[in-house]
Every structure is written in C-alpha cells, then in structure tokens.
Amino acid sequence: MMWRWTLMLLLLLLRHWALGKPSPDAGPHGQDRVHHGTPLSEAPHDDAHGNFQYDHEAFLGRDVAKEFDQLTPEESQARLGRIVDRMDLAGDSDGWVSLAELRAWIAHTQQRHIRDSVSAAWHTYDTDRDGRVGWEELRNATYGHYEPGEEFHDVEDAETYKKMLARDERRFRVADQDGDSMATREELTAFLHPEEFPHMRDIVVAETLEDLDKNKDGYVQVEEYIADLYSAEPGEEEPAWVQTERQQFRDFRDLNKDGRLDGSEVGYWVLPPSQDQPLVEANHLLHESDTDKDGRLSKAEILSNWNMFVGSQATNYGEDLTRHHDEL
C-alpha cells in the first residue's frame, strides 16, 4: 500500500539521518564518511572578529544558546550566574570553577543532543512501554509489520530494503551486548550513535567497506574510493579536487602503501583519533577569562566576560526563538 511505503521511507530517512550512518551519496572530499564525534558547534570559531557564537553553543548547546540570544543582558547574566553555581556544585563546591569542572560542563552539553535523539527514538520504538526496545519493536516501527516470507512484497526495490533490514539487525546484535534481543537505553544509544562506542567500531568499518567495496575483494581500491565521491559524465575532465583526493588516498589513507585500503585503514579514515573538543574549548574559555592567571575561574571573572560564554539581545544574530524555558 502506498501509505505504508511513504511512512516507511520517511522513518528510514529520519532515522538514518539521526544515526550518522555512512552515506552512499557522500559529497566531495568524502566528509560524510568521517565520524569526528559530536561537534560542539557548526558555527565558525571566530572570536577575533567578536563572533562568539561557537563559544555560546559549546557552553550552552545550540537550542539553549538561541534562548539566551532573546534575553536582556541582565537576564542573560543572571542565568549564567546560576550555571556557574551548578558547575561548581557538580565538582568540589569550593567557590571556583576549575578547568576540569568547565570541561565536564561542556562535555555534558555536547552530549545533550545525543540524549535528546535517543529519548525521541525510545518513545517511537518502545511500543509496549516496558522500558526496553526489542529488535522486533524496532524493526516493525522502522520497516512495518510483515508476515514471515512476505517482507517488502508491497514496496519497490524490495531487495534493497531486505539488505538494509539485515544490516540494521546485525548492528542491533552488536549493540545488544548481553544478547537478550532487548536494548537498554545505553544499547539503543550504541545502535543509533555507533561512533561514540569503541565496541561498535568494527561494525562502522564493516558497513563502510560494504558500501565502497564494489568488487567484494575485502578492500577499497582507489577507483572505488573516488567513485564514492564523484561520478564522471562521459567526456568530462576530472576536476582538480578529485585529483587532490587521489593524492590524499595515496599519501594519507593508504598507510601501508599497497594501493588499497584494508579494514584497519578504513577505520583510521572514518573513525580518526579524536581531539578532546570539550577540553580544548575549556582551555580557551579559561585563558580568555582568567584575569588573575591563577588557573581557575571565579564567578566574577566569568560574569565579567559573560558575552563570550552566553549571548543576549545585545549580541544575538537575529534568530527567532522557537521554544521557551524558564530554566536550563
């Protein structure tokens, strides 16, 4: 039925967007395949020109940063003061904000969108409301309910969807560490955001290999790598950026210089060693605000530099406030 096809396609698109799965339509330079972890902000880090939006989103989270942009400077500073108290209370409650406490707060903010996305998925998938998400619940919520042997008989490209279903089940089994076919919230998070969990690394690599390894020899050849980035038209000259990608493949992707990528090289490419982004931002905020250079921040130091930490009507960029909260 057409309604089932439309609903299933919408669910798949929404969930696969949320999962951060490697996209078979990765754009130039292959950025869609590289998992850098959760970014602190998509805004440019441009403090030199008085643009503190990156810092605001790193410190508050994107949605809350928008809320602050609608406050008066006085309201913004008052709420920042309460955040400072919470940061110190979560640490050693000594009246100062240490580098570790600042980093912990930013890391907490960084993970908020993951928690929110998992909560939304949990509500969708836990159809019997028993506090767990079974594989059958997830499968039926995503793909629709079918009798055995009739899977996808009513949709176009049934074989593609059968492969997607098998791939999702394999990922679910890896995320389901206790093997009971019921996902806890932590296990569902691993299923939805595998790049955040070391034990999911192999499945991310396997899925990437399956997408790129067209001749099924277990490796990614340079032409397979390029084909994922660029589809040439007949007679079209290869763009300069594609030639640059070939060089990138040779110089930086193919670590053992055998002309192809094995599983470990694919893993190093799509899941590179990550920088501790919260620590980098915490050091930056500490450096910019620690006026007495004692290696920690007082509440007064933070409030005196409040426009770097948070925004207000005086520093906003014209965003419309889409939701309201009295407290964080």
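Here the Cβ of each residue, glycine as well, is placed from N, Cα and C on the backbone.
Here the structure is a predicted model, which means the values were calculated and not measured.
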Which residue range, 237-240, 317-320, 325-328, is the one Swiss-Prot calls motif 'Prevents secretion from ER'?
325-328
At a C-beta cut-off of under 8 Å, are there same-chain residues at least 6 beyond the domain 'EF-hand 6' (277-312) that contact it? List them, or none.
37, 39-40, 47, 52-53, 55-56, 58-60, 65, 68-69, 71-73, 75-77, 79-81, 84-85, 95-99, 102-104, 106-107, 110
Please report the number of other Cβ atoms within 10 Å of the Cβ of Asn140 (N-linked glycosylation site).
14
Judged by the number of other CB atoms within 10 angstroms, which among Asp176, Asp178, Asp180, Glu187 is the least packed of the binding-site residues?
Asp178
I want to verify one value. Collapsing DSSP to three states, which class is Asp180 (Ca(2+) 3 binding site)?
coil
